[in-house]
């Protein structure tokens, strides 16, 4: 970054913001880079500001029982805040005084008062000086208040982050990431931009009092008619606002529901294509969109009327103020024009400035209270350690994760026991509470000496991780004692990678020791991986390790723990993502050799690890099931494998036990405090099973291992499904969390490809921070996108006499939408994370505008209609101008107002009714035309938004995976959430505002030019200057906003990264270092934001200066060239003030339109994506010259003779696959053949290309070569026909929000009887029947109430229903317990006995049924043979098998005597799905 010119700028340069000219000039000429941004002043650095506020907050905590954060803020910022407030008040006073001078200038043209004509020139100078003074006061005041707001935000940002690092784990378990992000974005943004409005809470009342006094001198008591109208208008708009909120709350549910399905579609786009569900998903989303648009239109119409009411109130407030006085006493022109100017200022103060100020204070104080409560939460307390201790001892330790744990569930039980099903039975969700009040650890005892290895094992939820947390001090024991030295190193069960190099991640702030570093690298099997990078271990890893696989991240995390020289090493399931061979080598070389002299506690379920451990501790439901050696375990607990590792069959449990299991599963997702609801209602509600979890902790069942991102939406009211929605008295609440998840090779936050080895965004319930910390981070990280842009407040339509501050206020209202409820109005996704999915030009191109306008055939006609209506309004206004300009020549004998002022009288006794009728007629005309002229435009623009959404959705679903691989999941979801919300809400009214303002300016210029042609000559260069200035500023401002967005992303990225690795940070004591990194991220964002504020102020001030110059010219031209007639001067000066303020706002509005049209540009980019290819060969060459019915069975009535494929034979020739066109080959020259009905297993190490081969079979990649199925080539049929030949069980199971039946048969081709039959075949029937509504039970959050095994059975049922002849299985047993695995094996034998099966597996025993095996190494086929031949040859396959005890199963593979598995073969490896369900 460069040094800021502000440091050496003069006072004049600072006053006029001239120091920003270099960056403006550079941005206009070329693309700005981060290096072009100026350094921030030292006073704005996060270090200084946070230290200042932290000092005052500590002082507040120490001095009072009830500390107030606002007091600390007051001591830091109050005096500067008040100084700029006084400047702002003085600027507003000048605005109130201007009408007085205008009235005196008009009075000087009174024919009977020629003595004052000579002072008109001086009055004009005074009026112009007022404008100059106001400009010099207003802009520094606004900038200063912005600056203070920015400093307050930075200081509180830092304070919140520091507090986050200190929070206890119990507190972290009660709050969600969404709440933290909201605290840092939504709440603090209120200070950043809203502070400029805060002073109007006292300025506006003073201004109203001053104006009322001045108008009283003109109109006396009739002024209260105008004031009363403004008050009624404010109440009317408040009523419209409530109506708009009602529609908005209803619409929020529909938006959430659509985005739920959309995000699930994006997350699982590869599965959607594999299942050929494009049409079903498109229809489902479009149906939801239709319902949403109905409410969108209603809300838009209400906002439009609200906007129109304010715009046209200016005419009526003058009309009602003047008319009573005029009818009684008559009135002169001077009073009319003076009153018009006064009423404009009065209207803004009453209906805008004061309500906005009150709202700002309300929101700000609410935000301060929330932050204050957060800062007072319980902090993490380190345990007292004995540094001389060499042993680790735990005596009679009992612990709870939450105090009052039992009370929480007692309350839930009491609340939900009142629920009854429709037939009177107890609600299934809460029929059993066996786990209420259970401690996470109970009476734990063990002792290990220095250098010993303790292996901790146990079933899911046994408390293994909690045991390590208690040793680390993260969990405080309620009973018992813990004794160890305190020098701890820790490796989490989910690898955590911080942004930086591999070396920095391993060393992690510890002093560098070359020999130790190399030894650790070698022991953790990282040498080969590091050698592949050009930068070796200095390669910079993205957030979460974007360039690494899951196994590499796991080994780096282990290396970090091993590198630190500690007395005690806590290793929490470090081998979960390693293949058998790598795991074996690392365990031997690292855990057993390199760390042989260290005390180690290893959480594992591997039998090999238990055998080599000095001591074994097996936990069961938080209690110690066994403690001793392995030989003692075999003698004392021979049944430990079946009892603790889940080997019992669910179907063999008693009915009470089955009910308890299901109850516990469902209980975790039940809605606390819901009103009673019947199951018949439940099946009509798509989200009844989830909801707001309140502030109390609920146990978590997290989603599967391969989720990359989770899109969390929690809604207090049930969302609509099938057009039915339950009424609720509570407002809808929308919360979105940033809950990082993971997938191989993927990055944290937005920098993730849509498809790599997993999906992108998954809808799920809100998670606590603790759950996020204990969630998988090995697979890519999740970003929870906030989707509330569509619910923001939309500003009211501008009026003709806005000041720059008024314009800013309206811009603030439009952009930020300050709402009382943070949950409803959490900032949009892009407010927190930069969406850099593609490069959009800094300024929207004309082609985008043209394409947008021509998208709907009616839009052009609607624009012409608006122009015609405007001309009619101009004609009506000319009637008033004619009246004002000509009534001064009435016969003075008709005057009763003044005997000597005949030319000044316009209202007389004889003409009063005539004039009254004219005013009423004009008012009615303006009211009718103004209220309804924009409705067709708003309606049509929403229709255009509907068309764009439909085209974009269709384009995404039909786009090839090679294109989607180049996109980021966050970018896709942003198009459907943020950009569609802009198209629905902001763009229609913003375009209407701009068109309206533009026409007003044109009309006013035309009128003034007719009255005084010389003024037209002054107008032309001014308009040209505005246009040039806009073009000059727009290039730089848009780039600065992009850089600011890019600078915002690291702040929230760092927050999420820190929280995910918080236990590691504390174990290593790296909190100060991460605070420094956070301050750097804040300073980077501050540099961009401060420069944007400065350049914006430069632009606004230059507009104001041009306006002042123009007004000076108009004033003196009108004074010097106008002869008799005060009416002409009054019209010219009044309209001149209106022209420039309106033109000023029109320029700003055009900038807003350009900014919003960038959303249209991004949508067009998606619409223009290529579509998947069509057949390139004729189908007539097959089967005797004719391919009979190239189709898959899609209903049960198709004759077998007409079915393709009929046998399932596959021939693969020279298959080469790439993720993207022109990229590196990920499969090369693959050739082999599969006989009909044969079962083929794919073998190879992680990353060898097994899953990629299955994707290539489905034509999901860029492929070359040829594949034939039963003689039909893949380029001879459509993609839909080809993919329907396969049944698929993917690695990432796709369960979308909908009923069981919809998930099994989305096209609704099969009857309930047929679905039940298939469910019975695959073992799903007993599961589905446990749920209320059975097939109509609505699954949400990716099927969160189902185990991963049940989800796999769902996929198996889909394949059975498809009647596919070829079945592709990608790691189907990766997360299965033995029981579910046996169900799948049985179903495969029965339902797919005559089908071709291709199986990709890591577990050797899962592939015993395969006849042939394809070994893939380095993206090529190395071997393709039977299992016996592979074992007899030297190969990687034989090497891996030799290291597994399961090899003894192979001799029995074909033996009829083999009936059962050995009782103790292996402890089941705890998979991520199970870990996610762990109740710590």
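Cβ atoms are placed via backbone N, Cα and C, with glycine included.
What Swiss-Prot says about this one:
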- 1470-1480: compositional bias 'Acidic residues' (COMPBIAS)
- 524: S-palmitoyl cysteine (LIPID)
- 1395: S-palmitoyl cysteine (LIPID)
- 1386-1480: region 'Interaction with GORASP2' (REGION)
- 78-98: transmembrane segment (TRANSMEM)
- 123-146: transmembrane segment (TRANSMEM)
- 196-216: transmembrane segment (TRANSMEM)
- 223-243: transmembrane segment (TRANSMEM)
- 299-319: transmembrane segment (TRANSMEM)
- 340-358: transmembrane segment (TRANSMEM)
- 859-879: transmembrane segment (TRANSMEM)
- 919-939: transmembrane segment (TRANSMEM)
- 991-1011: transmembrane segment (TRANSMEM)
- 1014-1034: transmembrane segment (TRANSMEM)
- 1096-1116: transmembrane segment (TRANSMEM)
- 1131-1151: transmembrane segment (TRANSMEM)
Select the most exposed residue of 524, 1395, where exposure means the fewest other Cβ atoms within 10 Å, treating these as the recorded sites. 1395
Thinking of Cβ pairs under 8 Å, which stretch from 223-243, 991-1011, 1014-1034, 1096-1116, 1131-1151 has the most of them with the transmembrane segment (196-216)? 223-243
For residue 524 (S-palmitoyl cysteine), the three-state DSSP class is coil
Restricting to the same chain and to residues at least six past its boundaries, which positions have a Cβ under 8 Å from a Cβ of the transmembrane segment (78-98)? 127, 130-131, 133-134, 137-138, 140-142, 144-145, 148, 195-196, 199, 203, 206-207, 210-211, 214, 341-342, 345, 803, 805, 1137
Cβ-Cβ under 8 Å with the transmembrane segment (223-243): same-chain residues at least 6 beyond its ends: 212, 215-216, 302, 305-306, 309-310, 313, 316-318, 320-321, 323-324, 343, 346-347, 350-351, 355, 796
Whole-number Å only: compute the distance from the Cα of residue 1395 (S-palmitoyl cysteine) to the Cα of residue 524 (S-palmitoyl cysteine). 43
Residue 1395 (S-palmitoyl cysteine): secondary structure state under DSSP, collapsed to three categories: coil
